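Report on the following structure.
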Amino acid sequence: MHMTSREIALLAIALLASAGFSWFSPWFATVDNLLTILRNSSELLLIALGMTLVIAMGGVDVSVGVVMGVAAWGVGQLLLLQSPWLAAIGGPLLGLLLGLITALVVVMGRIPAIVGTLGLFGVWRTGLFALLGGQWLSGLPGSLTSGLMHPLLGLPVMAWVIVLVWAGVWLVLRHMPYGLWLLAAGNSEEKARLAGIPVTQVRIATFMISGLLCGIAATCYIATYRNVEMTVGGSLALEAIAAVVLGGTRITGGSCSLLGTLLGVLLLRILQNGLLLVGIPSLWQTVVTGAVLLIVLSSEAASGRVFAFRRIA
């Protein structure tokens with residue numbers, strides 16, 4: 001796989017940041033802490049993969065974090081019924097259903113994605129509060145945890161699931177018509193329609209795939225933490241957008257980089273973990289994420305990659 005200059009730069013920055021944090025904190029470079037960074041990256045990476053597709057299509061979905069939260073509640077309820085296999089399947093299916101609802105609202109309702117998903121964010125957030133009844137859903141059975149954390153070829157099963165999901169999305173984009181259709185629709189929806197591309201179906205499929213990935217992320221979240229708090233997933237949409245744009249996907253659509261998204265996720269988690277270890281309060285993690293996003297967008301706007309007017313021939 002050929003790395004772009006953007007991806008090489010991200011890798012270099014991540015390594016330099018790791019070296020810097022290791023200098024200031026003896027705990028950063030420990031095996032346990034590095035595993036913690038990877039473990040904390042799992043849900044964000046899955047959601048960011050879906051966000052990569054949505055942004056490449058020319059949209060933004062700000063409801064993904066809450067979609068994961070609602071799906072996590074569903075996984076938790078199935079675990080309480082002592083059905084770990086059903087829970088493992090139910091999370092992705094619930095995410096897929098919520099993704100379909102998002103698609104119907106945005107695509108069929110002809111509403112701008114950021115507006116439609118902002119409305120759905122409020123609906124799902126209120127719904128999650130109601131479902132939880134103002135309390136955490138905690139003390140969930142550990143059957144799903146034992147299954148997904150079971151070692152397989154030296155890695156937990158959950159790690160292999162994430163690797164397979166990333167590889168699957170890459171193969172779909174690289175070797176199936178959907179990938180070309182997605183980027184064509186992101187570049188110019190009108191031109192794509194004139195070329196005979198089923199833009200409506202592509203957009204619906206994209207939101208559904210994003211919802212599916214949110215559901216898988218919810219399953220991983222429950223396996224890791226075994227609880228659902230009322231604010232779960234609150235900052236994940238911002239982090240996912242930052243990771244995707246940081247990785248080289250244009251915010252206006254028409255391009256994407258899955259490797260860049262992976263590196264963007266790792267860099268964000270390295271920065272957040274390192275700042276915490278050197279004594280910066282966790283409250284500032286969101287500030288760092290927002291600052292990174294603003295810096296990237298500002299630099300790309302200056303270079304003409306973002307917010308450029310598109311002419312439709």
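Each position is counted from 1, following the chain as shown.
Backbone N, Cα and C define each Cβ position, glycine as well.
Source: prediction; values computed, not measured.
Feature list (source: TrEMBL):
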| type | residues | note |
| --- | --- | --- |
| TRANSMEM | 44-73 | transmembrane segment |
| TRANSMEM | 85-107 | transmembrane segment |
| TRANSMEM | 113-132 | transmembrane segment |
| TRANSMEM | 152-173 | transmembrane segment |
| TRANSMEM | 204-224 | transmembrane segment |
| TRANSMEM | 236-268 | transmembrane segment |
| TRANSMEM | 274-297 | transmembrane segment |
Per the Cβ filter (under 8 Å) with a sequence gap of at least 6 from its ends, the transmembrane segment (113-132) is approached by 54, 58-63, 66-67, 69-70, 73, 98, 101-102, 105-106, 228, 230, 232, 237
Outside the transmembrane segment (152-173), at least 6 residues beyond either end, the same-chain residues with a Cβ under 8 Å of its Cβ set are 38, 42, 45-46, 49, 53, 179, 182, 209, 213, 216, 220, 223-224, 256, 258, 262
If you count CB pairs under 8 A between the transmembrane segment (204-224) and each of 44-73, 85-107, 236-268, 274-297, the winner is 85-107
Next on the checklist: Let me check one thing: do the transmembrane segment (236-268) and the transmembrane segment (85-107) come into contact, meaning three or more Cβ pairs under 8 Å with sequence separation of at least 6?
Outcome noted: no
Outside the transmembrane segment (44-73), at least 6 residues beyond either end, the same-chain residues with a Cβ under 8 Å of its Cβ set are 91-92, 94-95, 98-99, 102, 106, 112-114, 117-118, 120-121, 124-125, 127-128, 131-132, 137, 162, 165-166, 169, 173, 182-183, 185-186, 189, 202-203, 206-207, 209-222, 228, 232-237, 239-241, 243-245, 247, 249-258, 261-262, 264-265, 268-269
